[in-house]
Amino acid sequence: MKKTKVNPEDDITLGKFTPKPSPQDSYQGNFFDVFRDADYKDYILFSGGLILSAVNGALVPFNSLIFEGIANALMEGESQYQNGTINMPWFSSEIKMFCLRYFYLGVALFLCSYFANSCLYTLCERRLHCIRKKYLKSVLRQDAKWFDETTIGGLTQKMSSGIEKIKDGIGDKVGVLVGGVATFISGVSIGFYMCWQLTLVMMITVPLQLGSMYLSAKHLNRATKNEMSAYSNAGGMANEVIAGIRTVMAFNAQPFEINRYAHQLNEARRMGIRKAIILAICTAFPLMLMFTCMAVAFWYGATLAAAGAVSSGAVFAVFWAVLIGTRRLGEAAPHLGAITGARLAIHDIFKVIDHEPEIKCTSSEGKIPEKIQGKLTFDGIEFTYPTRPELKILKGVSFEVNPGETVALVGHSGCGKSTSIGLLMRFYNQCAGMIKLDGIPIQEYNIRWLRSTIGIVQQEPIIFVATVAENIRMGDVLITDQDIEEACKMANAHEFICKLSDRYDTVIGAGAVQLSGGQKQRVAIARAIVRKPQILLLDEATSALDTESERMVQTALDKASEGRTTLCIAHRLSTIRNASKILVFDQGLIAERGTHDELISKDDGIYASMVKAQEIERAKEDTTLDDEEDEKTHRSFHRDSVTSDEERELQQSLARDSTRLRQSMISTTTQVPEWEIENAREEMIEEGAMEASLFDIFKYASPEMRNIIISLVFTLIRGFTWPAFSIVYGQLFKILSAGGDDVSIKALLNSLWFILLAFTGGISTLISGSLLGKAGETMSGRLRMDVFRNIMQQDASYFDDSRHNVGSLTSRLATDAPNVQAAIDQRLAEVLTGIVSLFCGVGVAFYYGWNMAPIGLATALLLVVVQSSVAQYLKFRGQRDMDSAIEASRLVTESISNWKTVQALTKQEYMYDAFTAASKSPHRRAIVRGLWQSLSFALAGSFVMWNFAIAYMFGLWLISNNWSTPYTVFQVIEALNMASMSVMLAASYFPEYVRARISAGIMFTMIRQKSVIDNRGLTGDTPTIKGNINMRGVYFAYPNRRRQLVLDGFNMSANFGQTVALVGPSGCGKSTTIQLIERYYDALCGSVKIDDSDIRDLSVKHLRDNIALVGQEPTLFNLTIRENITYGLENITQDQVEKAATLANIHTFVMGLPDGYDTSVGASGGRLSGGQKQRVAIARAIVRDPKILLLDEATSALDTESEKIVQEALDKARLGRTCVVIAHRLSTIQNADKIIVCRNGKAIEEGTHQTLLARRGLYYRLVEKQSS
């Protein structure tokens, strides 16, 4: 035996474990933690990126120095031109010199911007690649206690959104912030250099500008958070309701839920309107402040120029230098939030990375014996879960398992059976006592070796997305193909694997070939067998299977257990009657122990009572039989599906996480609208919708048209602002060019125009933004409401469509409505302002110089073409970038979600290495993408300089040929410059308009969707219903599987007051029958009658008012207990509620709660146990006083103790009513007035329990299967 040190983290003195405090618990987060293990390349990239960003920022205000020179030359040229004495050689030389400087400055800005962003993007991707690997490695080595205190969704979210926040903080945002500070310092310095007096006046307004920007951001962030919180509440409520839509339909609660959703939306709408007004103020006030600042600065500057204290060009240059510096600093300041967010994300992620688990599952320390016998000893084991220290699970458990023995652990839920297995696997450490393997405490063994010598098969086996062979090889990577085949034969899996398309090379798991529960269980058994474990742990390995699958899996388990020490947990007592020893757990202690025969002989024993509770009374025999816990069948409305609703929801959740991770791994910016638009377009096509036009959207917004029209008028006024500014600005140029004694007076009068622009621009911005914001919010709320209302009115077939799953429908409400809102709210004002500014600016340019304007438009068009080409290339490679990250993102979500299986198989390093290999390609592609985006940013930043150079050179050519004047050239260039600024801002919203049209098309289609069945009950007869049910010759197939008949000539009748039970194998049509009675669907052929009325002639609302349904897994909503009991009803008194609760055996429990019937049950009833939820559901059914009661396996998901209480409540509830019962536990329906045996959609047997047993038909065989 190899011996090494005992794990230092465990103090095993006296069998008690004292974990050391984790130093990371006090970890506060450090921005520079991202540079842990960084090499010299990372530091070069970081320092280079910051230096170049600072240089780039500092160079931007140098534009003002060039502008001073060119403005002086133009004004002097204009003055000479007016006097007819222009010195063309001098003028031409000056203009060419400054144009050349513009060109050089553009080149410098391009190079600095490109290399700065390239350095920061590359650094960002290098560090994040390292952090992702560290994070996954750390997560996979944590212990169960740590996983209990966190959520899987939270862990994967940190890997996606958390990484995104770090990317924001250490990527281009840092460069923008550094550049903003550098621009401010440079701009102010240049201002003081050119004219300290004017700069001082300008500096007085700087605190006002920065302060207004800060306060705007602060209030806007607060308003946004409030709005998001309100919409989140509404979205959560909608998600819960749509998930429980069949319960909503069954209890006619659509009007209640529509009103509840409307109430939630009203609050969200109020917050949204408030945000819109704040946003309008935040946009209007800086505009007013800027124009006011211009008025003061230009008047004072003109006065200084007239006095000869400063050149005329410096008046313009100083203003723009200081303004550019201030604006850049203000625009950069919000990025401090990104850095703060990055620091918080670093804290969260590195807290995980640095966390040292109490149980180090990857430790190389501990004993590794060459051979073991397999004797297990539990000695005085005590245990409480760390998250529930007040509840002791094990209270001194002691037992032994000899080598080769099979010992079964039985008992009620929560008694400590699975906990014992978890302790043996060392997922947790016991609080007291000792667990020994061959006489040695398991803490002294190497934990990886310990787990590798144990094979475990659980109730819900985890199958990874890989081939069958690769899944089995997870048990032991060194096995041969022959070993795999032999293990599968032993596990009874070889036969079905050979029928798969690629046999052992068939890819299985989520998103690939789906296996049934029994098939997955047999693959898991084969995976356990190939480990050749000395110890085998079976944790309810057959409880989730139907009878046929269970028989095959049980046979495989019996083979696997031969010659191995086996611990078996079972609720189906028939599966463990041959065990060497049975240990009966009760309240954390072993209450009984012995063989099956020994324990069953104790009439008053716990084991004997459990068997009796499960046994089926049989004719001609009075033998006590062990009953199995019934199959937990697939509870969707299509029984032929392999995957359960819960699995599907989990797969969809993992798919969403995986998508976020893929985008996180390959995106270099936080927004990628091209992908969002493409995704939205694909969803639109799937929905069968067509892209809506803007006219369609405005037509829908007709109730808000008054506000829209008024706001559009003010938007037009706002659009005139910048073209008007260029004219007033040009007039100042003429005033300074002309000179004279009255310059100061003329400048003062000209400044009044700036004040007028401040007033008109600010007021029009405020009014247009507020009114359009209000209109957008109101329309968005109404759109959400209309879609939700129509969803509530659909029949069951609508929700069977895979396009209309819960996630898709809630996404429509949460995402598409805001997308459509973009076509109406403040973004419309921005777009229209840009368009108006463009046309007016171009109009001004052509008015003053028709021959000068085309060159400005041509250069702008050139930029658009270049930028569009880069954007198209990025879009082209976008999907390939996403595809490259599929495997890596899947490995992350799969390994974290299934951490316990990964650890049990000791495959942490395997999963880590697989992720490392899979993430190399997306890492390289992300860096390349960053270089292309750097090119785009660099072009945008340098274009203005090159545009000025080209425009002024062309203007010089026109002046030289007497086709234009210096003033005209200046006026046209400034008019086009102002227009281009506005249209560039508006252009950023164009992708949102494309998305708005797509989303509107989807939502309008959803609103127009007609239901086949009138769920509102506006039509149909409303006779008094007695409760007689008659089904004759009923044929039925689910709408999305028309070729597969579920009911094939089905016949059934139930007279008033009778209890009729439906039994039969899974998929025979039992639950379908109940759904037809509830009229979720209509039969294809045949008749379903209530009393003497065809169910299709009755009002659906009236029908359901007389029916109550209690299902296997009751749906409760996030309401109080009272509201859940009275769900869908009005005017129910407290006395009626309490009577119903008393009959349901829940009243005493409710009155023991602090808030009684006003206690909230939590989301999906999460604050109640399964039995408590079921009894609330029974009370909900009773309070309606229905004529017909439908019970669909109402006790099958409960443990024996809970089942007993609920069954008593059901027996009371069905008195005096027609009752249709579905049950797999045949013991629950043996006293029914009539039992109908179903198979293949037909009723093949009918009679009482005793009569059917006497026939020895299918019912008899079902009884035999459950008792064997």
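Using the three backbone atoms N, Cα and C, a Cβ is placed for every residue, glycine included.
The record in Swiss-Prot shows differing topological domain names for Leu128 and Leu749, meaning opposite sides of the membrane. Of the listed residues (Asn578, Asn962, Asn1124), Swiss-Prot tags Asn962 with N-linked glycosylation site; the rest carry no such note in the record, though that does not show they lack it. Annotated range for transmembrane segment in Swiss-Prot, selecting from 40-62, 523-545: 40-62. According to Swiss-Prot, the listed position annotated as N-linked glycosylation site out of Asn83, Asn1131 is Asn83. Counted with DSSP, the topological domain 'Cytoplasmic' (122-170) comes out as 43 helix, 0 strand, 6 coil.
Assigned with DSSP, the residues of the topological domain 'Cytoplasmic' (221-278) fall into helix, strand and coil as follows: 54 helix, 0 strand, 4 coil.
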